[in-house]
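Asks: Take a look at the following structure, please.
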Amino acid sequence: MIKSLKFSHKILLAAALVVIATFSLFTLYNDSLQRASIREDLEDYLHEMGEITASNVQNWLSGRILLIENLAQTLARDHSPETTQALLEQPLLGSTFLFTYLGQTDGTYTARPTSDLPADYDPRRRPWYNAATSAGQTTLTEPYMEPAIHELVLTIASPARQGGQPFGVVGGDLSLQTVVKIINSLDFGGMGYAFLVSGDGKILVHPDKDQVMKSLSDVYPRNTPKIGSGFSEAELHGNTRILSFSPVKGLSGLDWYIGISVDKDKAYAMLTKLRTSAIVAALIAVVAIVLLLGMLIRVLMQPLTDMGRAMQDIAQGEGDLTKRLKVTSNDEFGALAISFNRFVERIHESIREVAGTARQLHDVAQLVVNASNSSMANSDEQSNRTNSVAAAINELGAAAQEIARNAADASHHASDANHQAEDGKQVVEQTIRAMNELSEKISASCANIEALNSRTVNIGQILEVIKGISEQTNLLALNAAIEAARAGEAGRGFAVVADEVRNLAHRAQESAQQIQKMIEELQIGAQEAVSTMTESQRYSLESVEIANRAGERLSSVTGRIAEIDGMNQSVATATEEQTAVVDSLNMDITEINTLNQEGVENLQATLRACGELETQAGRLRQLVDSFKI
């Protein structure tokens with residue numbers, strides 16, 4: 001997009017960016033200065049207002065404290081009931097305090113105005129009494145909400161002494177409405193408000209009654225401000241507040257602070273207005289400067305504009321190379337005009353030389369085209385005759401290839417038959433070997449079965465011995481049983497053992513008889529197996545003789561097939577040699593034809609190039625003729 005802009009527009013854009021950057025930096029710098037100045041003024045103002053308000057509160061409370069202390073000193077001289085009542089009923093005390101009272105060490109309590117109190121009311125157990133007695137001086141209690149009037153109340157208590165000995169405590173309940181009025185009377189131009197807070201963060205006086213007696217952490221859960229010197233910021237209902245705290249000095253027993261909360265956005269509203277004014281002024285200045293620069297650049301760029309028009313006339317007009325630019329100044333534009341005139345002069349000379357060369361090139365191109373057409377005719381005749389020879393050789397080669405293919409097929413079939421005969425011969429030989437091995441294994445099996453039969457005879461003899469032992473054991477067990485019966489009760493256990501031995505001998509005799517029966521069946525089966533294997537051995541020997549005769553016949557067939565295969569291979573070899581000669585001749589003819597075709601194509605390409613050259617030469621002449629030289 002920037003590349004498509006005019007040079008004058010680029011200058012304007014660059015100047016506008018410089019001006020905008022300058023004004024932006026100036027605006028930011030001025031904004032920073034104004035912000036610092038406003039913050040400094042705001043801090044001074046808030047500090048001053050806090051100090052003044054704290055002083056007003058301190059003066060107001062100090063006057064009330066003096067009233068209580070003067071009353072205590074007066075009662076110290078005479079605290080008779082009549083004097084006490086008269087002093088407590090003074091109009092000044094009645095208009096200043098809600099209640100004024102005297103609590104004595106003997107438990108006597110006198111108050112004005114009077115109120116209903118419990119019968120067991122003892123002033124000596126009240127916090128204000130104990131605080132003043134313990135401190136030995138005037139004390140102030142923490143503000144508390146009085147249910148009867150729904151107002152914050154503060155108690156001032158001062159010890160009363162007579163002859164250096166305390167005889168009671170003088171107190172006064174003071175409403176904080178005056179303090180509320182003092183604090184609420186502060187006007188911050190709608191930016192904020194003041195409030196009274198104790199040292200532990202409890203809000204005592206606040207324009208919003210819902211915030212009274214709450215802690216700062218409850219009101220400002222996020223970024224809870226710290227009470228002390230300096231300023232802090234905290235979030236309240238989505239707005240940033242600036243807070244400062246000024247201590248109320250000179251009050252014994254009280255740690256109070258005047259807090260001031262200001263809306264930060266409103267406090268810096270003037271800065272926003274100044275920033276907006278600066279931005280508007282900067283925009284107006286940028287527009288004015290751009291307009292002035294535009295008019296100035298248009299005047300300064302006029303020589304360059306005239307030069308551009310002259311160049312456009314030379315480029316898009318009649319191509320008059322005899323025109324020259326007028327030099328009207330000695331600045332950069334004048335030097336550019338002089339250089340352009342020199343350039344056009346050199347182009348003029350070059351175009352004049354190109355015009356003569358273009359005419360010569362056109363004539364030479366015409367001669368080359370004529371020669372190429374003649375060569376094309378001769379090449380066509382040569383190509384036709386070469387194609388005829390190639391066709392005849394191709395037919396001869398096809399016949400030779402057919403013969404070679406048939407001979408090769410015959411040789412292939414003969415080779416297959418020979419291979420199959422060889423395979424059959426090998427199969428017969430393998431069959432003979434298998435028959436011989438089978439016969440040998442049958443003979444070995446017969447021998448093994450005979451050996452097994454002889455061993456079963458030995459087992460039968462062993463069983464006869466076992467049967468004899470069993471019979472003898474049975475007789476011995478029977479004799480033992482008889483002797484045990486004669487022994488009576490003493491031989492009963494031995495009789496049981498003898499009976500068990502006789503049963504075991506009987507079972508051993510039965511098992512020996514079963515084994516004898518199985519051995520006899522095994523001997524019969526072995527004799528039958530020997531007979532069957534002997535007959536199988538005879539049949540296998542006959543099969544071996546038949547297989548030997550088949551192998552001899554296959555050997556004879558294999559020899560005949562090998563002779564036929566040799567003849568076919570000789571024919572195929574001779575035919576392949578003939579085919580190779582024909583192929584070589586065909587390749588030579590084909591190569592000649594290919595070279596001829598390439599020559600024709602080259603001539604055609606040359607002819608086309610010459611035609612294109614002639615066309616370009618004509619175009620060059622037209623272009624050169626378009627210039628006025």
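Keep in mind that glycine also has a Cβ here, set from the backbone N, Cα and C atoms.
Remember, it's a predicted structure, so these values are computed and weren't measured experimentally.
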Asks: Would you identify which residue of D78, D173 Swiss-Prot lists as part of the L-glutamine site it also attributes to S115, Y121, R126, P127, W128, Y144, M145, E146?
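Replies: Swiss-Prot lists S115, Y121, R126, P127, W128, Y144, M145, E146 binding L-glutamine, and from D78, D173 it also lists D173.
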Asks: Which stretch, out of 225-244, 405-424, is listed as region 'Disordered' by Swiss-Prot?
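Replies: From Swiss-Prot, the annotated region 'Disordered' range turns out to be 405-424.
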Asks: Across all the protein chains here, work out how many other Cβ atoms are within 10 Å of the Cβ of E146 (L-arginine binding site).
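Replies: Excluding its own Cβ, E146 (L-arginine binding site) sees 14 Cβ atoms within 10 Å.
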Asks: Measuring Cα to Cα, how far is Y109 (L-arginine binding site) from M145 (L-glutamine binding site) in Å?
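Replies: Spelling it out, the Cα of Y109 (L-arginine binding site) and the Cα of M145 (L-glutamine binding site) are 22 Å apart.
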Asks: Who are the chain neighbours of the transmembrane segment (11-31) in space, where the CB to CB distance is under 8 Å and they lie at least 6 residues beyond its ends?
Replies: 2, 5, 271, 274-275, 278-279, 282, 285-286, 289-290, 293-294, 297
Asks: Other Cβ atoms within 10 Å is the metric here; tell me which of the binding-site residues Y109, Y121, W128 scores highest.
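Replies: When each Cβ's neighbours within 10 Å are tallied, W128 tops the list.
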Asks: Please spell out the DSSP helix, strand and coil residue counts for the domain 'HAMP' (298-352).
Replies: 39 helix, 1 strand, 15 coil
Asks: Going by DSSP, is R126 (L-arginine binding site) sitting in a helix, a strand, or coil?
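Replies: It is coil.
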Asks: Given a separation of at least six residues and a C-beta threshold under 8 Å, show me what packs close to S115 (L-arginine binding site) in the same chain.
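Replies: Result: F99.
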Asks: So how many other Cβ atoms are close to P127 (L-arginine binding site), meaning within 10 Å of its Cβ?
Replies: 13
Asks: Mind computing the max CA-CA distance among S115, Y121, R126, P127, W128, Y144, M145, E146, D173, which the record assigns to L-glutamine binding, rounded to whole Å?
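Replies: Output for L-glutamine binders S115, Y121, R126, P127, W128, Y144, M145, E146, D173: max Cα distance 20 Å.
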